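J.: Sharing a structure below in structure tokens format, with a few things to ask.
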């Protein structure tokens with residue numbers, strides 16, 4: 001039986017084993033998937049041991065995505081630009097391939113909700129690893145523009161410059177934003193601590209689509225704020241979690257599993273039904 005895993009610290013609350021076990025059942029793939037808590041200073045040793053014991057592939061979550069980027073022998077284009085790896089695969093020749101499926105997970109979730117991206121004006125809040133991982137897949141959808149904002153403007157500016165060869169992207173100061181956008185994506189973890197970005201809620205005017213990468217049992221504080229300020233619809237990041245998992249599964253097995261049923265199951269669990 002082929003072995004897969006997710007590495008993180010902490011990891012016990014990870015939903016990845018649940019998701020990938022259902023994917024395997026759905027696609028009739030014979031595999032096992034476990035959660036491995038690597039020591040904070042012991043990721044490389046843990047993942048090396050996993051691959052030496054017939055491990056075929058793994059997911060990597062916080063705080064090890066940058067270490068996984070360094071660990072991989074070979075990187076996909078999207079992983080190189082993301083500067084982080086959330087998916088490792090052992091190729092037939094023993095080479096370890098590093099990939100990043102986060103951005104594809106986001107895009108697939110938005111498209112599943114029939115959120116149009118082509119020729120749309122997108123506002124991306126945050127300039128950390130989560131934002132960096134989704135910019136290339138978003139640009140590949142040919143939006144009219146992506147505007148990046150961040151508490152530290154300089155960080156947003158550096159990201160915009162990095163991705164400018166791939167499409168229309170610019171950085172702005174939060175205080176300079178004074179108009180509505182078609183799609184607003186919050187890539188920060190502020191919702192988890194009940195905080196909102198210091199930006200004018202005019203961004204939602206005219207019926208914008210709001211997307212918060214965080215998720216919980218109810219609407220996130222960011223999405224509540226969006227709906228109170230004229231957003232047309234608001235989605236959380238649970239579907240992105242399932243979408244990036246589906247993309248990882250496809251990288252490993254060459255088969256794309258369906259996500260809708262698993263997303264429903266996860267939502268039920270979250271809401272305590």
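Glycine is no exception: its Cβ is also placed from the backbone N, Cα and C atoms.
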J.: Among 27, 61, 188, which residue does Swiss-Prot annotate as binding shikimate together with 14, 15, 16, 86, 102, 215?
T.: 61
J.: Which of 28, 213 shares the NADP(+) site with 77, 126, 127, 128, 129, 130, 150, 151, 152, 153, 154, 155, 237 per Swiss-Prot?
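T.: Answer per Swiss-Prot: 213.
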J.: Between any two of 77, 126, 127, 128, 129, 130, 150, 151, 152, 153, 154, 155, 213, 237, the residues recorded as binding NADP(+), what is the biggest Cα to Cα distance in Å?
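T.: Of all Cα pairs among the recorded NADP(+) binders, the widest measures 28 Å.
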J.: Round to the nearest Å and give the CA-to-CA distance linking residue 65 (active site, proton acceptor) with residue 86 (shikimate binding site).
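T.: Taking the Cα atoms only, residue 65 (active site, proton acceptor) lies 6 Å from residue 86 (shikimate binding site).
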J.: Please state whether DSSP places residue 129 (NADP(+) binding site) in a helix, a strand or coil.
T.: helix
